[in-house]
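These notes concern the structure reproduced below.
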Amino acid sequence: MYIQGCDASICFDNTDTIVSEKQSRSSNNSIRGFAVVDDIKTALKNACPGIISCADILAIASEESVHLSGGPCWDVPLGRRDSLTTNLTLANEAIPSPFSTLDQLKANLLNQGINSNDLVVLLGRYALKAVTTVSYISNLDQTTVNAFDNTYFSNLLGKNGLLQSDQELFSSSGADTAAIISTFSDDQKAFFNSFVVPMIKMGNIWVLSGTEREIRKNYIRINGDTSGGLVADY
C-alpha cells in the first residue's frame, strides 16, 4: 500500500483510535498473508527487538516473495519507521478499482512518480495476488498461479485479463502500455529487469526515518495502545 508511503499502515487492526485500512474497498477480503508477518515479527523480537520496523519487514518480504516464486531479487533499502496513523478514506480513493480505465490507473499512480512502464510492471507483479468477490477467490493469473513469470502479459494479449483494469492496459485504443505488454510477453528477462526499478520506487515513497514516528513493537497497533483487548506488546 502506497497511500501514506511505505509505512506499514496497512498492518493496523481496528482499535479505539485506529480505523483499519484492511477494510478498504481494495483490501477487504482480498489482502492476506499477515500470519507470515506475525511469524517474522516474532522471530525478530527474539533476535533483535526494537531494531527492524514493520515497514522494512513488508519491503523485505515483498522482495523475498518475488524471488522465491522465481522472479528477480534486488537490494532493499532499509531504515524505514512505522506510521502512527491510517487513512481509510485515501485507501478507498487512491487504490485503483477493478473497473478503472487506463486514464484512471495512470492518474492513481503518476502522482507517486510511477510512469507507464512502471504501471505495467507493477500490475504484472500483482498477478501473484488473489482477488475475492462475494462468492469466491480467484487468482489474477490463472495460468501459472504460484510462479512469478510473464504469463500475465500473454493473457492480456489473448484478451484473457481477469479484471477490466488489467485488460485496459492492452485493449484501450491508442494505449502506450500495449507495446510494453507485447515486449514483456515476448521477453520475460526484459520484464524482470524492468521490475526492480518501480519496486524500489514504491518502497521509497514518503519514507519515515530517523526520529519520525516509531518502530512498532506489535505490527497491528501503535506502541502503548492497549485498547480493544489486544495482546501485549512484543
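Cβ coordinates come from backbone N, Cα and C, glycine included.
Pulled from TrEMBL:
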DOMAIN    1-223  domain 'Plant heme peroxidase family profile'
BINDING   G5, D7, S9, E21  Ca(2+) 1 binding site
BINDING   P96  substrate binding site
BINDING   D141, T144, D149  Ca(2+) 2 binding site
Under a criterion of Cβ-Cβ distance under 8 Å and sequence separation of at least 6, what residues of the same chain contact D149 (Ca(2+) 2 binding site)? G70, G71, Q188
Return only the integer: C-alpha distance in Å from G5 (Ca(2+) 1 binding site) to P96 (substrate binding site). 16
Cα-to-Cα gap, S9 (Ca(2+) 1 binding site) vs P96 (substrate binding site), nearest whole Å: 18
Grab the pLDDT values for the domain 'Plant heme peroxidase family profile' (1-223) and give me their mean, rounded. 85
Between the C-alpha atoms of the residue listed as 'substrate binding site' and E21 (Ca(2+) 1 binding site), the distance in angstrom, to the nearest integer, is 15
Highest CB neighbour count within 10 A among the binding-site residues D7, E21? D7
Those binding-site residues listed as G5, S9, P96, and which of them has the most Cβ atoms within 10 Å of its own Cβ: S9
